[in-house]
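Working notes, beginning with the structure itself.
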Amino acid sequence: MSENAETFAFQAEIAQLMSLIINTFYSNKEIYLRELISNASDALDKIRYQALTEPSELDTGKELFIKITPNKEEKTLTIMDTGIGMTKADLVNNLGTIAKSGTKAFMEALQAGADISMIGQFGVGFYSAFLVADKVVVTSKNNDDDSYQWESSAGGSFVVRPYNDPELTRGTKITMYIKEDQVDFLEERKIKEIVKKHSQFIGYPIKLVVEKEREKEVEDEEAVESKDEEKKEGDVENVGEDADAEKDKKKTKKIKEKYFEDEELNKTKPIWTRNPDDISNEEYAEFYKSLSNDWEDHLAVKHFSVEGQLEFRALLFAPQRAPFDLFENKKSKNSIKLYVRRVFIMENCEELMPEYLNFIKGVVDSEDLPLNISREMLQQSKILKVIRKNLVKKCMELFDEIAEDKDNFKKFYEQFGKNLKLGIHEDSTNRKKLSEFLRYATSAGEEPTSLKEYVSRMKENQTQIYYITGESKEVVAASAFVERVKSRGFEVLYMCDPIDEYCVQQLKEYDGKKLVSVTKEGLELPETEEEKKKFEEDKVAYENLCKVIKDILEKKIEKVAVSNRLVSSPCCIVTSEYGWSANMERIMKAQALRDSSTMGYMAAKKHLEINPDHAIMKTLRERVEADKNDKTVKDLVVLLFETALLSSGFSLEEPQSHASRIYRMIKLGLDIGDEDIEESAVPSSCTAEAKIEGADEDASRMEEVD
């Protein structure tokens, strides 16, 4: 030890922190390299900043870089930078005797279960070196002081001594003596992997000293020896004959020689810091692939910077296709990487992007956020809220750009339409803008249409936008609900995606036009005076039948009314304006964790609407008026109700009793007697259930109705 070496004790909190780092098992020890490179980058930032006003500061070394040197023989890893360097006082104070404000906070966070990777966010990243090293030596040279060396084996104290390192004209060199069980951190492959993951876009070259091999030609000594032996055996030789030719004939062989050279690990300069006009599509594609691990090129890109009170740059990509696990709960909420002044802070930063935009990949590089920001601080950060607002706005612009190309937008919508609909459900601020991107099949043609196009085709007397939700386009197109609307020449939007149900709950109107479901009560179609008059007359004429049907069905329906929406169907089931549609009920029944109490009151409000112009309803009305207690009426009403449930998209609570009624009708149609039924394959329980009071004597009358 040098005579001038001084020993210092670590401040109590720092000693405690080091003990915690050394004696606790952490799985992600690799973060030590990120922290030391980040510190080196900060030191380079400082000297670059000083040189703006005092260019002579760079006389001690113009090149600004970070160099990593692994030495497998001595089991050391050295990280050197040509940054501002530290004076003796800096070494003593910053690396041991004065605790940073974050030291205690970080220890408390660690003991509460925080991740070790947050160490840099508390300003104590240097000590992460002890995750992989049992001794650390720091040599540093500042322009205002001589060169000094700091050394510690984390035993509660450290030593500082004058030390001259010819390689270090300015900057800091950290040498770590790697623990026996951590030697894989000396592997070239491992170092490259960590740098690529955490420090790929640091604004200074990161060089790695790599060992390489090259072939070298040397004289083959064995061949020379054997030739000498041949000569000794007595061959006659002309000594003076062409000595040069003899020289040429000397045997050589190739050997492999090891040598060391610097390899730059972060040649990809942060693409987002460059001018978008200077970046080719190929460069964007290459960067997108390295960022997202996607094998395909991106669909669209948005590259922008915001300046003023708040400064940040961002690069956002829309992929070609959605990942298969896009909406899985365990999946990270988004794919945005956050950098602060080119230093990587975290990936999947949830606060930067709403969940419905989780498919957007990209980076955000802020000039204003502090480098030591933690996830907790992010949640409170006003700067982040402003960045988020700007990012969402730029995403809307990106979607606008994609929509300019119809084919491109079609691809995009097939993959990410669900996200846009989820956005309408969740993001009230951008709901209006998002609604412009919706596309639906309609009754007017094969091509999906936007709401804007729908409105442009609306009839003069049409004041509402009509839509129907259902399982598939084929099902909704054949639905009884669209009969009258289509026959009047009004266009109906076909919403066949389960998420559409949630979407239209929030999207009440578009361009001042209310969205109206044709499956719910209160459907108002433009009518002439004559039609209005007929409708009122039908209501009076069918009042008695409506009452009888309500009495028969009791609690199964809330009310029975004359319909203005049916043409060829005898009846249909509609729901109240604020209740669930048949499609929504189907979706909710499929939920494994559904709330049965909600199911009870949301699904109960069903209304039966009857078609006054249909032969079945006319005959049924006559039957009721002739004999209020006609025994076939009850069974016919139940059968009509259950059939209407099915055709309206609902499921039956008792499918077996419905099947039994159908079998009974088939029996009557085929004129089969009871004794044949008993011999058939229908179970006796079904037959018992299917027994209809007074069926035999009224068989002929049912056939008439049929």
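Backbone N, Cα and C define each Cβ position, glycine as well.
Annotated ATP binding site per Swiss-Prot: Asn39, Asp81, Lys100, Phe126, Arg375, in sequence order, evidence recorded as similarity to another entry. For Asn39 (ATP binding site), the count of additional Cβ atoms within 10 Å of its Cβ stands at 23 [all protein chains shown].
Feature annotation from Swiss-Prot assigns compositional bias 'Basic and acidic residues' to 224-235 (among others).
Residues or ranges marked as compositional bias 'Acidic residues' in Swiss-Prot: 236-245.
The compositional bias 'Basic and acidic residues' annotation in Swiss-Prot covers 690-706 (among others).
The annotation region 'Disordered' is assigned in Swiss-Prot to 217-249 (among others).
Annotated region 'Disordered' per Swiss-Prot: 679-706 (among others), in sequence order.
Positions annotated as motif 'TPR repeat-binding' by Swiss-Prot: 702-706.
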Those residues of the chain, 6+ apart, with a Cβ under 8 Å from that of Phe126 (ATP binding site): Glu35, Leu36, Asn39, Leu95
Surrounding CB atoms that lie within 10 Å of the CB of Lys100 (ATP binding site), all protein chains: 18
Close in space, distant in sequence - Asp81 (ATP binding site), Cβ under 8 Å, 6 or more apart: Ala40, Ser41, Ala43, Leu44, Phe65, Ile66, Lys67, Gly171, Thr172, Tyr204
Where Asp81 (ATP binding site) falls in three-state DSSP terms: strand
